[in-house]
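Lifted from Swiss-Prot, the feature list:
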- 1-24: signal peptide (SIGNAL)
- Asn30: N-linked glycosylation site (CARBOHYD)
- Asn122: N-linked glycosylation site (CARBOHYD)
- Asn176: N-linked glycosylation site (CARBOHYD)
- Asn191: N-linked glycosylation site (CARBOHYD)
- Glu202: active site, proton donor (ACT_SITE)
- Asn265: N-linked glycosylation site (CARBOHYD)
- Asn308: N-linked glycosylation site (CARBOHYD)
- Glu319: active site, nucleophile (ACT_SITE)
- Asn370: N-linked glycosylation site (CARBOHYD)
- Asn427: N-linked glycosylation site (CARBOHYD)
- Asn438: N-linked glycosylation site (CARBOHYD)
- Asn510: N-linked glycosylation site (CARBOHYD)
Amino acid sequence: MAYRQILAIVLFLCVFQFLDCTVSSAVEENGTVFVYGRAAVGTIDEDFICATLDWWPPEKCDYGSCSWDHASILNLDLNNVILQNAIKAFAPLKIRIGGTLQDIVIYETPDSKQPCLPFTKNSSILFGYTQGCLPMRRWDELNAFFRKTGTKVIFGLNALSGRSIKSNGEAIGAWNYTNAESFIRFTAENNYTIDGWELGNELCGSGVGARVGANQYAIDTINLRNIVNRVYKNVSPMPLVIGPGGFFEVDWFTEYLNKAENSLNATTRHIYDLGPGVDEHLIEKILNPSYLDQEAKSFRSLKNIIKNSSTKAVAWVGESGGAYNSGRNLVSNAFVYSFWYLDQLGMASLYDTKTYCRQSLIGGNYGLLNTTNFTPNPDYYSALIWRQLMGRKALFTTFSGTKKIRSYTHCARQSKGITVLLMNLDNTTTVVAKVELNNSFSLRHTKHMKSYKRASSQLFGGPNGVIQREEYHLTAKDGNLHSQTMLLNGNALQVNSMGDLPPIEPIHINSTEPITIAPYSIVFVHMRNVVVPACA
């Protein structure tokens, strides 16, 4: 017993020293996290975390920066050990294959009559490239890779095939699905597992480069459903049918979901709420709570459309890179981006969004992995820790105190307790917070609760009756928000020479102590001994 008590004291002193070093120059403010634990407000998929692989060739450049290198579906080094380990760590990772060029891709199936040629840059035509092709040899290699890494694959199909594009971007005609059906059949006959087939990329609403009306898109989606039903008639479960994979517009999505009826399993929208990657004010937006709150409107609107329509589809974020046109170096691939990314994951969960696909797994300046050496960027570790700690049920959570704290709570993945995510967007103030459990709420998550009522919850003791919690404090190396090295409890997260990922280990804190959130830091708090009705 004495040994354990001494060990607990040593651990506490280590934690205290770490926190003291990170906040010594800061002012301190108290706050309270209120968690409504009687019922979940949102439920996410078990494989909620998703990332994208794109089609962009090395010639893809934005604002004079060429950030894609060999990160395309067609040229990515599938033998890279770090890449394989990074995917395996999620067990499984959902990967959505798609992007702008998917709508000018043909598939080299045995019955294809067209030559299989690579994309060629041509700025005078739609999307800036000539038609490209997916060789079936490469498709074989990709599927061997997916099987080896345990990847769950969502494949985005070319939805412009057969249509003509007017000068104003309007796409005329129905989807010619001949090549797509042949590709789907080839995939099934080779026993390649696809979890979902998605129709088109950013063709809904106003579109990006081209657009398809909601009524026609619904007809095309029904045709995709019929193809999937034919090809997979003896397969269970069938792949999902997904669409439209574009930017959210209320009227378009309302019409589409009502007319697509039950042909659709998941409706996908894209999010680039931070604006262009060239914007000099990206960090200001990321650290502004009011700016972060704005995306809640679209989450709420889509949730309501689904609720009030005849569809059985669920909401997904099919692609989200924050800053469009490949992001911004040392921002979207640096520590500061985790404030935006984790806030998005938390907000999406609250509004019952089942899957969230980050643009990208690798490629551009917003990849979870470095494009050239494959080492994980900070957001990779943020996603991995989320995956390990945050369970499927999202709990309504508010914070009373500074507006610079973002707070989210889920039932824990590893226990019947809860995991609280706290992010401090302030650069000088250390926040010392306590957690209280409540059984009533009346306002949205962006507002403070005005009245509280204690819930009946239970706390169970650990060894020797000492109740402990597990904390994961994430900070930037040297306090630099532009750093691409993330510290976990003061230690750098880095792969070793063998390409192995570092262990994700918490510090243990006596649960009677408040939670300390240092300036510009992120804290995951696993409270395995807090039992609330929603998580029981």
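Cβ coordinates are placed from backbone N, Cα and C, and glycine is handled just like the others.
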Restricting the comparison to the recorded positions Glu319, Asn370, Asn438, which residue's C-alpha is spatially nearest the C-alpha of Asn176 (N-linked glycosylation site)?
Glu319
Neighbour count first, Cβ atoms within 10 Å, every protein chain included; then name which of Asn265, Asn370, Asn427 tops the list of glycosylation sites.
Asn265
Site of maximum Cβ density within 10 Å, from glycosylation sites Asn122, Asn191, Asn438:
Asn438
How many whole Å apart are the CA atoms of Glu202 (active site, proton donor) and Glu319 (active site, nucleophile)?
10
Inter-residue C-alpha distance, Asn122 (N-linked glycosylation site) and Asn308 (N-linked glycosylation site) (nearest angstrom):
44
DSSP on Glu319 (active site, nucleophile), three-state: which is it?
strand
Pairwise CA distance, Asn265 (N-linked glycosylation site) versus Asn510 (N-linked glycosylation site), rounded so that it is a whole Å:
45
Three states by DSSP: which one describes Asn370 (N-linked glycosylation site)?
coil
Are there any residues at least 6 positions away along the chain from Asn30 (N-linked glycosylation site) with a Cβ closer than 8 Å to its Cβ? List them or say none.
Gly401, Val431, Val432, Ala433, Pro514
Active-site residues: Glu202, Glu319 - member with fewest neighbouring CB atoms within 10 Å:
Glu202
Counting across all protein chains present, how many other Cβ atoms fall within 10 Å of the Cβ of Asn308 (N-linked glycosylation site)?
11
How long is the line from the C-alpha of Asn308 (N-linked glycosylation site) to the C-alpha of Asn191 (N-linked glycosylation site), rounded to the nearest angstrom?
38
Quick one: what's DSSP say for Asn308 (N-linked glycosylation site), helix, strand or coil?
helix
Asn370 (N-linked glycosylation site) to Asn438 (N-linked glycosylation site): how many Å between their Cα atoms?
42
Counting across all protein chains shown, how many other Cβ atoms sit within 10 Å of the Cβ of Asn510 (N-linked glycosylation site)?
15
